[in-house]
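As recorded in Swiss-Prot, the features of this protein are as follows:
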ACT_SITE  Ser173  active site
ACT_SITE  His199  active site
ACT_SITE  Asp295  active site
DOMAIN    5-122  domain 'Response regulatory'
DOMAIN    161-353  domain 'CheB-type methylesterase'
MOD_RES   Asp56  4-aspartylphosphate
Amino acid sequence: MQKIKVLCVDDSALIRSLMTEIINSQPDMTVVATAPDPLVARELIKQHNPDVLTLDVEMPRMDGLDFLEKLMRLRPMPVVMVSSLTERGSEITLRALELGAVDFVTKPRVGIRDGMLDYAEKLADKIRAASRARVRQAPQPQAAARSADSAAAAPMINNPLVSTEKLIIIGASTGGTEAIREVLTPLPPDAPAVLIAQHMPPGFTKSFAQRLNGLCRIAVKEAEHGERVLPGHAYIAPGHAHLLLARSGANYIAQLSDEPPVNRHRPSVDVLFRSAATHAGKNAIGVILTGMGRDGAAGLLEMKRAGAHTFAQDEASCIVFGMPREAIALGGADEVAPLADMSRRVMARLATMGDRVQRV
């Protein structure tokens, strides 16, 4: 079996050494070269033709974002960003995902062995997924402007969807930040409440919510424990907790849980979907988007069995066709839709629900 060829780009010799040690310990991948900055990396890419690039966010001579933008325009390839757990680091990482990076990992903590096995497993999984990922070219400025214009001009649904009884429940992983943006930006201000579980570490989900809030016509925020779930709002699971839907009388509320990871994830899509199956039933729409693994597949099936209408993103538009594929294989998806049409299909389905609000 041919090994996945990886090029590691980081200005820290210690980080380059640690990443090399982790990657070379895997049976199916190898580091073909390392580079201290993007200018050296540019020549090594020509020489080694790597399958995956790991790229530090902030470096001398040329920062990671500038290099990524040029790379995705001139020679698109799978890139996994390596980021620090800081507010600035999370904002830059989200911008990198917009520019076409497949995924990101936090920097390994040099000299601290606790948690290193878990980190190594996550890094290897992300590199494997990236090697199979569908790579997007960097968006042109005109395309971004058209996207914003189309979101502003998205048609309103004739029947205002203001009932808290209707909910959109979304789960995603690898490639999900951009997929979620594409689903949320066309939603009208009176759309039903949206609850989202996106696999992200602590510290990144708040920046993700803030970025979406500036792009969407609905309000987007990081979910808080016990808050009421309202129409026209989207609630993103914090990176350290499971997000669950619950009821308080006639109202829906968000609950956060620090229970152990499910499917190796916290937040877990399955946890969110199962809570929606229990407390929303026929009043919910379930959507599973791009991502590796199977988290959310069983939960989407539970939502469907509880009466919810369910969607899975199609293979052609997924960065990684893992979670949707598993959901489809289990029979959990009522419809399979391309990402570009997902928001319209969801809103059209909600419009057909009319006043058929079911109490559960």
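Glycine is no exception: its Cβ is also placed from the backbone N, Cα and C atoms.
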Can you count helix, strand and coil residues in the domain 'Response regulatory' (5-122) using DSSP? 54 helix, 26 strand, 38 coil
Among the recorded positions Asp56, His199, Asp295, report those whose Cα falls within 10 Å of that of Ser173 (active site); none is a fine answer. His199, Asp295
Local confidence of the domain 'CheB-type methylesterase' (161-353) - pLDDT mean: 95
To the nearest Å, how far is the Cα of His199 (active site) from the Cα of the residue listed as '4-aspartylphosphate'? 20
At the level of the C-alpha atoms, what whole-angstrom distance separates Asp295 (active site) and the residue listed as '4-aspartylphosphate'? 28
Near the residue listed as '4-aspartylphosphate', which residues of its chain come within a Cβ-Cβ distance under 8 Å, counting only those 6 or more away in sequence? Val9, Asp10, Asp11, Ser12, Ile15, Gly64, Met81, Val82
Report, as a single number, how many Cβ atoms besides its own are within 10 Å of the Cβ of Asp295 (active site). 30
His199 (active site): tally of other CB atoms within 10 A of its CB: 26
